[in-house]
Ligand SMILES: [Zn+2]
């Protein structure tokens, strides 16, 4: 039919209006729910001053209410837990150190199960790159403190659970006092200094420590300092050299893997709090998500000469753990300083040089998986690992690229090569390697510099459309 | 004559990254001190020296101190090298 009748046009118009109104309603509903979430977090932030007041111990509980019986009925009928166990959970307090990939699922299950009080420690704010694994935080609260976002979510889940947010880093000055106010401690942190700090504070305060960690497709969980069992230092007396430690930002992690570990950690906390006793004291459970395997490794017993829990401990108060581990507890990416300022250029200077059309080679040394995410089209890609292994094919490729770009330039002048990576650490390592290769004349004369801050700085300062990851 | 056996070495976390593999089968003496066993593995992957002081070295899923303790190994035994991970 070539044209519509008047009544049909009217019907079309009103259908469009209905759709438009529906869209507007759902937009405003979303806006309202986002405002409500922000309000809840803001209200909690207002109460933050409370944290300076010592939290009083939870009073013993004699019986469950009718509502509590209904709410916890599925776990109450488990003979191993029962009313007795549930009453113990209701008067238990747990300190959650870190509200990230482990802390979120852990706190969620502890609140759901009816643990009386949850202390939440984290200095950090919610970022968009957290949302794929830190499941208590929503889009609406990006930029807010994680502890307030988590507390608001936990309150929505179970209003009877008392959440105490501490929007601060755990430090040697605050850790002991804080840990003494709680019955069980869950280490959900993401760095080595905090792991030693939490361990030592738990040993000094006499608290059991349920410690989990995850990276890439792997997870580990152990209960330390429980019933005469070993502490973290018994197993790892010396911290690893800082340059051998990979964090989740650099190494990556799959959210489900932190979720699995956070849930196992919650299970151990619940068993301790309910009086059932943990399963992973004196043992380490490792989860290999790629192989789909769990392995339980029998650990050594307490080390008589342990610096923290041994016969004659040298750790009698909390120390400077960042110095002890040679790394920061709050810096997300370590910045290496391998090169002198003359061996480096800023993204701004590199952009100027690029625009001038002056002949040079830009070498991207990131792993292939990161180049697949985003790249500068004019860069040559050779992963750092290939340079480290002096991969013949890669060096050939590099030599060819240099000769090609050098055509028509003055032969005698050292050819400029700029090295770039994600953040400006690997690029410095690559510069060192290229310098050593030119020194032994495996490559011709070059001046090699790296781009400070890497592609992250490029995205921040030069090209706002370039992806950040 | 030294009797040898085939054991499976599993590499986790940083050690898998250093070794470039996640497992391998190697031939070792049936009777060997724990430290010697580690040294044989380190000889195959010298980069492991970086983590030797921070690993859990487990034989048949049990922690073993890197020392003079003599191990009795059989073919098929599982050796695991487990550096701590700290992410979360
Ligand atoms: Zn100890």
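Going from the start of the chain as shown, residues are counted 1 onward.
Just so you know, glycine gets a Cβ as well, placed from its N, Cα and C.
Positions annotated as ATP binding site by TrEMBL: A:101, A:122, A:129, A:130, A:131, A:132, A:133, A:146, A:190, A:191. Residues or ranges marked as Zn(2+) binding site by TrEMBL: A:231, A:234, A:306, A:309. The active site, glycyl thioester intermediate annotation in TrEMBL covers A:248. Taken from TrEMBL, the feature domain 'Rhodanese' covers A:356-467.
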Top Cα neighbour of residue A:248 (active site, glycyl thioester intermediate) in the set of binding-site residues A:133, A:190, A:234: A:190
Binding-site residues near ligand 1 among A:101, A:129, A:190, A:234, A:309 (Cβ under 6 Å): A:234, A:309
Cross-chain proximity of recorded positions to B (CB under 8 Å), evaluated over A:101, A:133, A:190, A:248, A:309: A:101, A:190, A:248
Same chain, 6+ residues apart, C-beta under 8 Å of the C-beta of residue A:129 (ATP binding site), given in sequence order: A:469
Residues that sit under 8 angstroms from residue A:190 (ATP binding site) by C-beta distance, when 6+ apart in the chain: A:98, A:100, A:101, A:247, A:248
Cβ neighbours of residue A:231 (Zn(2+) binding site) where a neighbour is any other Cβ within 10 Å: 25
Neighbour-count leader, CB within 10 A, binding-site residues: A:306, A:309: A:309
All-chain count of other Cβ atoms within 10 Å of residue A:248 (active site, glycyl thioester intermediate): 23
Neighbours of A:231, A:234, A:306, A:309 excl. site residues, C-beta within 8 Å of centre, Zn(2+): A:203, A:224, A:225, A:230, A:232, A:233, A:302, A:303, A:307, A:308, A:310
Annotated ATP contacts A:101, A:122, A:129, A:130, A:131, A:132, A:133, A:146, A:190, A:191, maximal Cα-Cα distance (Å, integer): 19
Least buried by Cβ count (within 10 Å) of the binding-site residues A:131, A:234: A:131
Secondary structure content of the domain 'Rhodanese' (A:356-467), with strand meaning DSSP E or B: 48 helix, 18 strand, 46 coil
Where residue A:133 (ATP binding site) sits in the secondary structure, as DSSP reduces it to three classes: coil
Alpha-carbon distance [residue A:133 (ATP binding site); residue A:306 (Zn(2+) binding site)] in Å: 35
Rounded to the nearest Å - Cα separation of residue A:131 (ATP binding site) and residue A:231 (Zn(2+) binding site): 32
